[in-house]
Amino acid sequence: LVRRLLTSGILVQIFPLHDRGELKKLRQSWYGRVKVGYQPLDEIRSYFGETIALYFGFLEYFTFALIPMAVIGIPYYVFAWEDYDKYVMFATFNLLWSTVILEVWKRICAIMTYRWGTLLMKRQFEEPRPGFHGVLGINPVTGREEPVYSSIKRQIRIYLVSLPFVCLCLYFSLYVMMIYFDLEQWALDYHEENESNFSSLMLFVPSIIYAVVIEIMNRIYRYAAEFLTSWENHRLESSYQNHLILKVLVFNFLNCFASLFYIAFVLFDMKLLRQVSCKDVLRMKLGYNCIVNSVFLHVLFCGLKLFLFLLFQGTFDDYLELFLQFGYVSLFSCVYPLAAVFAVLNNITEIYSDALKMCRVYKRPFAEPTANIGVWQLAFETMSVISVVTNCILIGMSPQVNALFPDSKTDLILTVALVE
C-alpha cells in the first residue's frame, strides 16, 4: 500500500522520527569529543541500521588502511621527490596494498554482519521499488498480483538508448580532455615567449578551467544517468542501484583518470604526471573535501545547535567519493606519494562531519538490513585490478627495471605480464 501511494504521488515522504534520548547518547559516544579510537558501530547499527553502519565501518577501516601508505609516502616525498624514476619500491608496495586491504575488509565485513545477524540475508523476496510500473500480473514466486514489465523492453531501452548515450558521453569527455592538453601547451608556449608574472599565472588557467568543466560534466551526467536508469523501469531497488552505479562509475573514472593514463602511457612523461596529480587533481579533490568537512566540524565544536532534518539521500555519493579516492591513491600515488596523506586527513574530517550530518542534518532513514556493501565491493575490486595492472606497467617503464633487460623488450613485457 505504501509503495503504491509513493508511486502515485499521494504520499510524498515517509520516515521514522528521531528518538531524542537515544540520539543524544549516540552523539556523545560518536562525535561528542575528539578522540583517537573506533566508532560505536554497534550503536550506529542499532539506531540507523546495517547499511549506514557498514558505510561508517568501511570508512573507518579504509582510513586506517591508508595510514601505512601515508607513513611510507612522507619520507619518500622528502628524500626522493626530485628523482622522478625512483618509484619502483613504492609502486610494488602499492599494488600489494590495494589487493590486500580489500581481502581483509571482506573478513571484517563478514564478522560484523555475522554479529548483527544479516550475513546470510537473501533478497529473493525483495519488494518492487516505488518507481516501478507495468501492467498487472501474477508474480510466479509469491502468487500475488503486482505490476509486470517485459524484460525484453527493458533490455531494448538499455542497449539501444542508455548504452549509446553513455558511449557518447565518454567520447565527449575524452574530447574535452584533449582540448585541455591543447590549452596546457598553449599556456606553456605563451609563458616561454613572454616570461612575465601574467604568463606565470596563465599556466594555472587551463587546469582550473578543466577542473570546473569536470565538475559540471559530472553533475549533468549524474542527472542524465538517474533519468535513464529510472526510465529503464527496473523492478527491484537493488537492480536500479546496480545499473545507476555502473553508469556513474564508468563516466567518473574516465573523467577523473583519463588524463593521468594519457600522460603516463601515451606521453610517457613522469614529471608532467606528477605535476598533474599534485596540482590539478589531488589537491583540488581531496583538499576541497577536507576544507568543506572542516567547516562542518567548526560548526559542531562551536556548539551551534544545528537541526535541519533534510531528507537523507543514501550513501551513493559517499561511496563514490571513497571509490575515486581509492583510485587516486592506488593508481598513481607512486609518482605523488602524498596522496595517501591527503586522503587520511580528508577521511578523518569526513567521519566526524558525516556523523554530524546523520544526527543533526538529515531525517532519520529507515533501517535497511544488508550483508555487505553490495556492488561497491565489486567496484573497489575492479579498481584494485586496474591498480595492479597500472603499477606493474609503471614498474616495467622504470629505468631500473629496463636496465635488467637491455637487449630484449619482449622479455620485459612477458615478465611484467607474469607479475600481473
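Yeah, the Cβs are placed from backbone N, Cα and C, and that goes for glycine too.
The following features are taken from TrEMBL:
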- 44-294: domain 'Anoctamin transmembrane' (DOMAIN)
- 313-401: domain 'Anoctamin transmembrane' (DOMAIN)
- 52-81: transmembrane segment (TRANSMEM)
- 87-105: transmembrane segment (TRANSMEM)
- 158-181: transmembrane segment (TRANSMEM)
- 244-266: transmembrane segment (TRANSMEM)
- 286-310: transmembrane segment (TRANSMEM)
- 322-345: transmembrane segment (TRANSMEM)
Long-range environment of the transmembrane segment (244-266) - Cβ separation under 8 angstroms, sequence gap at least 6: 162, 166, 169-170, 173-174, 177, 180-181, 210, 214, 217-218, 221-222, 225-226, 228-229, 272-273, 276-277, 280-281, 285, 316, 320, 323-324, 327-328, 331-332, 375-376, 379, 383, 390, 393-394
Long-range Cβ neighbours of the transmembrane segment (87-105) (under 8 Å; 6 or more residues past either end): 58, 61-62, 65, 68-69, 72-73, 76, 80, 270, 326, 330, 333-335, 337, 377, 380-381, 383-384, 387-388, 391-392, 394-395, 398, 400-401
For the domain 'Anoctamin transmembrane' (313-401), the number of residues DSSP places in helix, strand and coil: 66 helix, 1 strand, 22 coil
